[in-house]
């Protein structure tokens, strides 16, 4: 995510911009997918539930507050400067996680909830992913969840085009709307 934000500041074509935004989105997806297991691994159950609830609330508010904050910041910053700001905030977040998030050995855990480490076995990994991809219930639920999210994702992606270019709203009014 951070590298894509930094690279966007130097982009010279719309194709490059869109490609880097795709990488940026994949980076955010990775962060979401990794954060919940990492939280469960290092915190006891009651603390993990609280932290995950906080992250869930932030994830729900992000599509609402992001356009508002972005629209307000675009009143004073260029779009390149906005991506530089995102790069700096991403790096600051990474450093904060590095310094302050407990490691497995540092975490206070319940005795029956102690994590175990195992060496990476690629055959086992491929076999387990194959079983998961072949599980009809899991795949059905995954597709259903993706389809349920589609209208929100489409709105997040298309609303700037529809409202700013199509309806003539300023970036600030778009964020407020």
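Using the three backbone atoms N, Cα and C, a Cβ is placed for every residue, glycine included.
TrEMBL annotations: computationally assigned, not manually curated.
Look at TrEMBL and you will find 1-177 tagged as domain 'Major facilitator superfamily (MFS) profile'. For the domain 'Major facilitator superfamily (MFS) profile' (1-177), the mean pLDDT of the prediction comes to 85.
Cβ atoms under 8 Å from those of the transmembrane segment (22-39) belong to residues 1-5, 8, 48, 51-52, 55, 59, 101 of the same chain, restricted to positions at least 6 beyond its ends. The feature transmembrane segment is assigned by TrEMBL to 22-39 (among others).
For 51-76 (among others), the entry in TrEMBL reads transmembrane segment.
For 82-101 (among others), the entry in TrEMBL reads transmembrane segment.
The transmembrane segment feature in TrEMBL is assigned to 132-156 (among others).
Here the transmembrane segment (132-156) has Cβ contacts under 8 Å with residues 63 of the same chain, all six or more residues outside its ends. Here the transmembrane segment (51-76) has long-range neighbours at 32, 35-36, 39-40, 43, 82, 85, 152, 156, 159-160, 170-176, meaning same-chain residues at least 6 beyond its ends whose C-beta is under 8 angstroms from one of its own.
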